[in-house]
Amino acid sequence: MSNVYSGLILLLMTLFFLVWPLALTVINIINLFLKKPIHAAGFEIATLSCGSIMTALLYGLLDFQDYETPINLWGGTQVHAPVASWYLWTVLLLGAVGLIGYAMVRFCHSKLPPLAFVLGIAMMMAGCMECILWIVQIAGRLVETAGDDMFAIFYLCLFPANFILCCLSASLRAIRAYPVWPAKQYGNPFVSRCASLLSRSRHWPWLAVLAMVPILLLLTLILVLFGQAPDAVIRAFTQTSDWTLSQQISPPPVQIDTHYLCTVSLRGHRKLVRPTRYGIRRGERIIVNRQLCVANAFEQLIQERTPRFHRLVRHVYDTYGYPISRHIKTALAADVVYLIMKPLEWLFLAVLYLFDLKPENRIALQYLPMREVESLKKQVGSNKDMHISRG
């Protein structure tokens, strides 16, 4: 019976997260061309509410890294973030402005004077422009990406595409249904001319384009006050790599050693695990931190002093460490492993300081290329106290 419930829950989750967004997209496309749309308001609210939540969840689950961080070849997303994290608030603010404009046009159009209606359309247009930038940024990867990443990128395109559909539908229907406002005559001819233009709904689209300029200028001033660049919206997409609008080059990918828990812990948050540099292990480029270097230096020491005990330690570690490390795929799990290893790191460090003449030399040389090790040997002028990591 439990298997039936589990299967039913899995089916419902699949329908909700995979089929429901596609169904809403099809309905929104159909409603755009129907004279009498099918429950347009309800489907549009469902699209924007569910779509924003699902897109945020999917983006978070993909665990994108900025272009400055090397891609881990072992696992995770094989592309960098499509939006620079330091400009993310700019992107969110412009998206919020677009949603507010949509709400004004969709639900308050009959109560708004023409000028406020035009401003609502302008705010919607600003949000749609950002959605177009987003789609252009990530859609190009669809033909280059295979597997799970391809489906993830496809679903990341759905919400902005649906937002554009909803905005088109809402604005077209609101303009058609908007009551006719008689043009008032003012003493100033310029004001009278503006009132005449606003009284005719056919002028509103191009007036909204003009109204976008002061709206974007106001948003830019607000963002500058909070430390953002004036062109932060554009930089959010160009300060990236691997995508259509990207202008940055990322460091080469690295191989994080999945066989050893110390190295797997480097998948954790940088502020906690504190990666220090690159290293070389069995010809592969890896990221190392002090915990990894201390553990490897300790292993090297017991290999030199007590070979039999080292073989036992290595056997136990290889037997249990590798299966456990295969399940450490999230930053949180890696952080937990790092913290669990911390007492062992202190123990290893104590042993090194008790039984090694120059423990910091041994630690510093772990996972360095042989060329650098030889160079350091020459600088020190003595080979007997220099220890080389063999991985």
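Glycine is no exception: its Cβ is also placed from the backbone N, Cα and C atoms.
As recorded in TrEMBL:
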- 6-34: transmembrane segment (TRANSMEM)
- 11-254: domain 'DUF6688' (DOMAIN)
- 41-62: transmembrane segment (TRANSMEM)
- 86-105: transmembrane segment (TRANSMEM)
- 117-140: transmembrane segment (TRANSMEM)
- 152-175: transmembrane segment (TRANSMEM)
- 206-226: transmembrane segment (TRANSMEM)
- 257-368: domain 'DUF6688' (DOMAIN)
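Simply put, out of 41-62, 86-105, 206-226, 86-105 has the most Cβ pairs sitting under 8 Å from the transmembrane segment (117-140). Looking at 41-62, 152-175, 206-226, the range that has the most CB pairs within less than 8 A of the transmembrane segment (86-105) turns out to be 152-175. Counting same-chain residues at least six beyond the ends of the transmembrane segment (152-175), those with a Cβ under 8 angstroms from any Cβ of the stretch are 21-22, 24-25, 28-29, 31-32, 37, 40, 44, 47-48, 51-52, 54-55, 58-59, 62, 77, 82, 98, 101-102, 105-106, 109, 117, 121, 124-125, 127-128, 130-132, 134-135, 138-139, 141-142, 145, 201, 204-205.
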